[in-house]
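Asker: So Swiss-Prot says this about it:
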{"type": "DOMAIN", "residues": "27-414", "note": "domain 'Helicase ATP-binding'"}
{"type": "BINDING", "residues": "G40, A41, T42, G43, T44, G45, K46, T47", "note": "ATP binding site"}
{"type": "MOTIF", "residues": "93-116", "note": "motif 'Beta-hairpin'"}
{"type": "DOMAIN", "residues": "431-593", "note": "domain 'Helicase C-terminal'"}
{"type": "REGION", "residues": "603-622", "note": "region 'Disordered'"}
{"type": "DOMAIN", "residues": "624-659", "note": "domain 'UVR'"}
Amino acid sequence: MEHYPFKLHSEFEPQGDQPEAIQKIVNGVNEGKRHQTLLGATGTGKTFTMSNVIKQVGKPTLIIAHNKTLAGQLYSEFKEFFPENRVEYFVSYYDYYQPEAYVPSTDTFIEKDASINDEIDQLRHSATSALFERDDVIVIASVSCIYGLGNPEEYRDLVVSIRAGMEMDRSELLKKLVDVQYTRNDIDFRRGTFRVRGDVVEIFPASREEMCIRVEFFGDEIDRIREVNYLTGEVLRERDHFAIFPASHFVTREEKMKSAIQRIENELEERLAELNAENKLLEAQRLEQRTNYDLEMMREMGFCSGIENYSVHLTLRPMGSTPYTLLDYFGDDWLVMIDESHVTLPQIRGMYNGDRARKQVLVDHGFRLPSALDNRPLKFEEFEEKTKQLVYVSATPGPFELEHTDEMVQQIIRPTGLLDPKIEVRPTENQIDDLLGEIQDRIDRNERVLVTTLTKKMSEDLTIYLKEAGIKVNYLHSEIKTLERIEIIRDLRMGTYDVIVGINLLREGIDIPEVSLVVILDADKEGFLRSQRSLVQTIGRAARNSRGEVIMYGDKITDSMRYALDETERRRTIQEAYNEKHNITPTTINKKIHDVISATVENDETNEQQQTEVPKKMTKKEREKTIANIEKEMKQAAKDLDFEKATELRDMLFELKAEG
């Protein structure tokens with residue numbers, strides 16, 4: 001394994017309370033602290049702080065986010081901060097995934113159906129191979145990193161290592177490639193395949209995007225190794241050595257495969273005896289037929305559809321033991337950072353039970369062997385055992401972080417000097433007329449307003465009332481498709497609307513600098529949407545504007561409201577003192593309005609991108625043209641590593657195709 005230091009590229013130096021936060025976390029890691037929490041207010045540069053910690057600590061780092069969009073955003077940011085180091089992306093490679101399931105009440109079996117994103121699969125392979133090649137690796141992952149993966153030792157041991165000048169004939173290399181699940185394809189050359197032309201073998205590694213390896217033989221010796229652009233054939237550079245990692249994470253040696261097949265046959269025999277004893281003849285016949293088909297595929301091809309369900313046998317683990325995951329691909333000394341930990345940790349905790357419930361039904365009705373239950377995500381206790389040092393990052397840490405952290409590392413100061421918003425609590429009497437007056441004030445100043453309610457009916461009624469009063473308003477709710485949701489937020493920023501009304505305005509993408517007023521109706525109704533954390537997060541929506549204010553309507557002050565008021569006031573006091581001491585004037589964040597709604601097409605004459613609005617109703621020809629344009633832009637966004645935009649464009653495609 002090669003050693004490289006982390007090199008952070010940024011035109012900014014840590015400022016405000018960032019230097020102190022960085023030093024505290026670095027000291028904690030060096031002292032061997034297991035749990036640390038960075039309590040960072042919205043907009044204080046938590047990602048930059050995390051980057052500085054990684055640079056100073058110098059350990060391979062896993063950063064876990066709670067969804068693909070957030071992971072993609074972090075990936076783009078860390079790639080910018082560490083262009084000379086290996087920043088990798090590891091999320092579920094399914095664009096669409098329907099797990100196999102059985103509904104006993106209707107006797108319905110749902111086959112597994114999935115669409116695999118080839119680029120994300122390549123990035124997953126890039127991540128695992130990087131962890132074995134270097135120690136300056138940052139992996140940005142979603143919660144899918146706790147799902148089962150192949151044995152890392154087997155994955156590493158089966159690497160095909162080639163050197164210029166080494167003795168190896170062509171047929172020996174081809175056999176080794178087939179053993180690690182590469183397939184020969186002389187026509188359709190793509191990732192995970194190789195092609196043969198005389199004494200030249202070209203291999204397309206599973207972890208690469210555009211580069212393939214050309215191996216030239218002279219008799220029984222490798223004469224030269226070169227990196228080549230697979231499309232143009234251009235030679236990129238000479239290589240003395242190259243390591244070809246397996247094309248699948250579930251790769252198994254031939255002798256192990258034989259042992260695994262024997263174990264599966266033994267388990268099948270035992271399970272059939274159980275089912276027959278219970279007079280479950282249909283289930284027994286179904287299980288025997290399905291399992292024998294899979295076994296035949298394994299003998300002939302070395303793999304089968306759904307091979308992950310036999311992972312406990314393929315890795316020769318005892319039944320019920322902890323599965324291998326991405327966490328096992330890290331060495332002994334590494335760091336975990338959990339972003340938005342108040343959301344991510346509960347997700348990690350809940351994965352096992354949901355997966356278990358679905359698979360148990362499949363096992364009970366003869367669709368799978370009991371060992372399929374061992375192809376699962378980690379239990380939370382197993383996750384804790386596998387991780388040694390964790391840094392939780394959140395503006396509102398949850399109970400787990402509070403319980404396990406001695407002292408919070410706080411980051412309250414914003415580099416822009418922005419303060420937490422002023423909060424005012426007002427009675428509910430005449431609240432709508434009062435709200436109307438406040439909205440009108442903001443419209444006069446060309447500012448925007450967010451209003452959060454507790455119920456769908458309240459949102460709808462309020463939206464109708466405001467429209468009748470002449471306000472440009474729209475309503476955000478869970479039934480609105482991704483395409484429309486992004487369009488509504490963009491239209492708010494552009495001034496098409498002045499107000500957005502919604503129930504839960506905490507989702508990503510609602511940080512809008514133009515918003516100077518956040519209104520919380522029914523603030524005194526305790527519950528999930530009016531809890532301490534929800535209120536603090538909602539208040540944060542007004543923290544991107546120098547005139548940010550929050551109005552809570554309620555007839556009493558609940559414990560959650562009191563906490564949110566006190567916490568915001570505490571932060572404001574710290575921020576004001578810092579600004580006064582350093583003579584800083586708060587300035588509203590200037591955030592570019594990205595065009596994620598329009599498909600862009602390339603103008604041949606000007607070679608510039610122009611916007612093409614997606615019409616509400618389109619002819620079939622127009623729809624096909626729009627779909628082609630969006631697909632083109634989506635692929636370009638993925639190529640530019642702008643996964644957030646690529647994901648949004650993908651969702652637009654799904655919706656346009658569904659409407660067609």
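Backbone N, Cα and C define each Cβ position, glycine as well.
Quick one: where do these features end up spatially?
Answerer: The Cβ of T47 (ATP binding site) has 17 other Cβ atoms within 10 Å, all protein chains considered. In the three-state DSSP assignment, the secondary structure recorded for T47 (ATP binding site) is helix.
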Asker: Using the Cβ centroid of G40, A41, T42, G43, T44, G45, K46, T47 as the reference point for the ATP site, which residues of the same chain not in that list have Cβ within 8 Å?
Answerer: T49, A395, Q411, R414
Asker: Inside 10 Å of the Cβ of K46 (ATP binding site), count up the other Cβ atoms and send me the figure.
Answerer: 22
Asker: Within the chain of G45 (ATP binding site), which residues six or more apart in sequence place their C-beta under 8 angstroms from its C-beta?
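Answerer: Looking at Cβ-Cβ distances below 8 Å from G45 (ATP binding site), excluding near sequence neighbours, one finds G16, Q18, Q411, R414, P415.
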Asker: Counting all other Cβ atoms within 10 Å across every protein chain shown, which of the binding-site residues T42, T44 scores highest?
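Answerer: Max Cβ neighbours within 10 Å, all protein chains included: T44.
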Asker: On a count of neighbouring CB atoms within 10 A, which of the binding-site residues G40, G43 is highest?
Answerer: G40
Asker: Looking at Cβ-Cβ distances, which residues of the chain lie under 8 angstroms from A41 (ATP binding site) while being 6 or more apart from it?
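Answerer: A395, Q411, I412, R414, D420, G540, A543, R571 - these are the non-local Cβ neighbours of A41 (ATP binding site), listed in sequence order.
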